[in-house]
Amino acid sequence: MSQKCGSAACLLFMGKPVSHHCVLTDHQKLLCVCGDQLLLVSVKQQHTGRERVQSELEPYILKGVLRVSALLDLVLLFHLEAADCRRPAFDFERGGLLHGLTRQCATGLHAMGCVFSLPEDRRDAAERAPTSRETSFIEKMKKTGKNIIVFYGSQTGTAEEFSNRLSKDAQRYGMKGMAADPEEYDMGELSRLSEINNSLAIFCMATYGEGDPTDNAQDFYDWLQENDDEDLTGLNYTVFSLGNKTYEHYNAMGKYVDKRLEELGAKRIFDLGLGDDDGNLEEDFVSWREQFWPAVCEHFGVEALGDESSIRQYELKEFTDINMNKVFTGEIGRLKSFEVQKPPFDSKNPFMAPVTVNRRLNKAGDRHLMHLELDITGSKIRYESGDHVAVFPTNDSALVNKLGQVLGVDLDLVISLNNLDEESNKKHPFPCPTTYRTALTHYLDISHPPRTNVLYELAQYASDPKDQENMRKMASSSPEGKALYQSWVLESCRNILAILEDMPSLKPPIDHLCELLPRLQARYYSIASSSKVHPNSIHICAVVVEYQTKTGRVNKGVATNWLKNKLVTDNGHKATVPMYIRKSQFRLPFKASNPVIMIGPGTGIAPFMGFIQERGWLKEQGKDVGETVLYYGCRHKMEDYLYQEELEEAEQKVVITQLNVAFSRDQEHKVYVQHLLKNNKENLWKLIHLENAHIYVCGDARNMAKDVQTALHEIAEELGDMTRTQATDYIKKLMTKGRYSQDVWS
């Protein structure tokens with residue numbers, strides 16, 4: 001149990017006066033309250049499941065103080081218990097954590113002598129937090145006659161999409177399924193699932209970042225780690241995992257869930273499925289699914305109903321006379337939230353940040369590399385160097401208009417798609433009521449090639465039997481069908497408009513199409529600024545994506561082209577970007593005297609601009625700042641040397657102590673950052689092995705990040721007198737200690 005701690009001990013531990021109101025928690029931490037600040041003092045290091053002590057923990061362990069704002073960074077890694085309050089939910093920005101502290105813990109904290117006050121915007125968040133929600137999935141399943149539940153851990157929407165497909169599949173086998181967000185339910189009820197006959201829990205789990213759970217699966221992950229005494233005997237389960245082989249911790253979350261459920265006594269009824277987004281994730285899923293359902297039938301002794309017809313999840317309602325103030329126009333959560341902004345801002349409530357700068361970075365060449373600055377003045381948004389900014393783009397209006405023309409519909413008709421399952425938490429596939437134009441512009445992904453389930457469901461609307469046959473074939477797991485989908489859809493980069501144009505007989509009703517298309521997702525960019533230097537501005541560095549497909553069409557990246565067109569003033573109006581901050585573990589070392597080695601070619605320079613600004617600021621404050629080494633790469637010095645003036649100025653001021661730039665195409669033989677690493681191996685090894693340097697890599701995961709790691713392995717082998725195995729282990733230990741961090745994408 002938590003116990004009251006004497007103020008003298010707290011004063012001695014922290015070395016400076018704080019509140020006299022402190023609690024020693026079960027996890028060897030001191031919870032202290034001081035005015036507007038909640039202080040958490042770590043008595044010993046928290047040890048995570050993978051024994052990774054993240055670099056961002058260092059400041060709080062060494063300093064001994066965790067402020068409320070810093071808590072946003074660390075809630076994924078710290079466990080806090082006080083009175084009857086378990087570890088707070090990670091969704092502090094949505095009011096979840098504050099709500100828990102103010103409503104659940106107040107009595108317990110006050111009983112132990114604690115008093116606290118909180119900033120006004122945090123109190124507002126608490127008041128807006130929901131007071132009740134049905135958290136029992138068991139009761140919901142019993143009430144609605146469901147026996148299959150599909151939990152999803154999803155960051156970009158794909159795992160959620162797969163879980164919806166699996167829950168719909170259940171109907172074809174005489175069962176009833178529901179998709180569920182583990183964040184919304186009490187996962188401790190898994191042990192009760194055996195109360196329902198022929199019950200099964202399916203887990204579609206994506207891995208995010210460096211082997212981490214997705215945001216919505218974080219609490220479930222923590223629950224699995226903490227509850228060694230949980231008995232899941234009688235629970236039938238299977239797992240499909242979503243990952244990417246270019247990342248080191250391939251499918252780590254799915255593998256962990258699969259293994260951990262078995263350890264707790266649950267029964268695996270079908271093998272773990274591994275989906276690889278670097279290959280063909282859709283094909284991996286379809287192949288697994290086609291073997292999975294026969295295994296389910298065999299296990300439960302049921303037979304497929306043979307009903308392959310389309311199963312609608314939503315029904316259409318059209319409005320001819322409606323107050324337009326009640327119609328969504330692109331808002332993510334609350335109606336009119338883009339017009340009346342209220343903090344805190346997050347994925348459900350983005351801030352409309354004005355664009356104050358939008359300039360081209362490259363001096364020449366065919367590509368368009370850009371630097372944007374977003375104004376966050378008055379938003380109360382806080383960020384740290386290394387964080388990501390998430391933006392909500394919109395689709396190209398020309399693409400939307402063409403879709404309307406091809407389908408022959410009035411895009412400005414106000415509609416609502418309502419879930420046929422009235423008990424479902426998900427009432428609509430996107431905010432409703434709205435217009436088709438808004439749905440296709442703001443809410444639906446119309447640019448990516450559609451998945452096979454969309455083709456299968458739409459096949460019935462093709463009047464040409466050959467088109468019907470090909471669409472169904474592409475949705476099958478036959479080798480011929482897979483090859484056709486790969487070549488005709490994926491390799492040809494056909495989006496839904498291209499498919500409709502190239503299959504003139506296909507005329508689906510637009511409401512069914514809107515039901516099937518996945519949600520348009522937020523895009524994440526590494527922030528290219530430091531809040532120490534730019535507290536009211538967030539900088540973005542990006543390259544515009546545009547390419548010609550095999551069909552001769554020009555495809556444009558949704559977010560980068562949208563950002564490119566965000567001019568500072570647009571017809572006299574300030575251009576705005578809906579955004580929020582996603583906290584990262586890509587952090588500078590707490591001790592400024594530690595050397596840092598930054599490796600980031602192309603737009604991988606982005607987070608390092610923030611790091612360099614911050615190291616410069618620390619130096620101005622009189623801090624002892626260690627060596628700051630940058631390895632940057634681009635194609636041509638005279639074309640795409642990004643931030644050249646800023647970097648050279650930082651070098652002149654000795655903020656950057658070593659500036660190494662690889663111009664890959666300025667000579668006959670290509671030179672990349674990994675070659676420069678090898679050229680400077682003695683100095684690099686000294687910094688890493690003797691001076692406790694922190695290494696940061698940002699950019700392409702598929703090639704660059706692997707090549708950099710290989711180069712470091714070779715340097716450790718040669719200068720550390722190690723075998724290849726020892727060198728590999730050495731670099732892995734740097735990662736474990738938080739001294740080798742990656743912010744990479746594929």
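A Cβ is built for glycine as well, from the same backbone N, Cα and C atoms used for every other residue.
All TrEMBL annotations are machine predictions without curation.
The C-beta environment of G157 (FMN binding site), restricted to residues of the same chain at least 6 apart in sequence and closer than 8 Å, consists of P518, R519, Q521. Under the heading FMN binding site, TrEMBL lists 154-159, 206-209, 242-251, D277.
Sequence-distant contacts of Q674 (NADP(+) binding site), defined as residues of its own chain at least six apart whose C-beta falls under 8 angstroms from its C-beta, comprise M704, D707, V708, T710, A711. The annotation NADP(+) binding site is assigned in TrEMBL to R367, T603, S664, R665, K670, V671, Y672, V673, Q674, D707.
Marked as FAD binding site by TrEMBL: R523, Y524, Y525, S526, C541, A542, V543, Y547, G557, V558, A559, T560, W745.
Confidence for the domain 'Flavodoxin-like' (148-293), expressed as mean pLDDT, is 94. Residues or ranges marked as domain 'Flavodoxin-like' in TrEMBL: 148-293.
Taken from TrEMBL, the feature domain 'FAD-binding FR-type' applies to 348-589.
Working note on the binding-site residues A206, C541, V543, A559: by count of other C-beta atoms within 10 Å of each C-beta, A206 ranks first.
Nearest to A206 (FMN binding site) in space, judged by Cα atoms and limited to the binding-site residues R367, K670, W745, is W745. Under a cutoff of 8 A between CB atoms, and with a sequence separation of 6+ in the same chain, the neighbours of R367 (NADP(+) binding site) are V543, V544, D640.
With respect to their backbone Cα atoms, S664 (NADP(+) binding site) and C541 (FAD binding site) stand 20 Å from each other. K670 (NADP(+) binding site) has Y247 as its nearest neighbour among the binding-site residues G209, Y247, Y250, G557, going by CA to CA distance.
Across the structure, N244 (FMN binding site) and Y525 (FAD binding site) are spaced 19 Å apart at their Cα atoms. Across the fold, the C-alpha of W745 (FAD binding site) and the C-alpha of Y247 (FMN binding site) stand 9 Å from each other.
When every Cα pair among R523, Y524, Y525, S526, C541, A542, V543, Y547, G557, V558, A559, T560, W745 is compared, the largest distance found for this FAD site is 23 Å. Cβ packing within 10 Å was compared across the binding-site residues S154, N244, S664, and the lowest neighbour count falls to S664.
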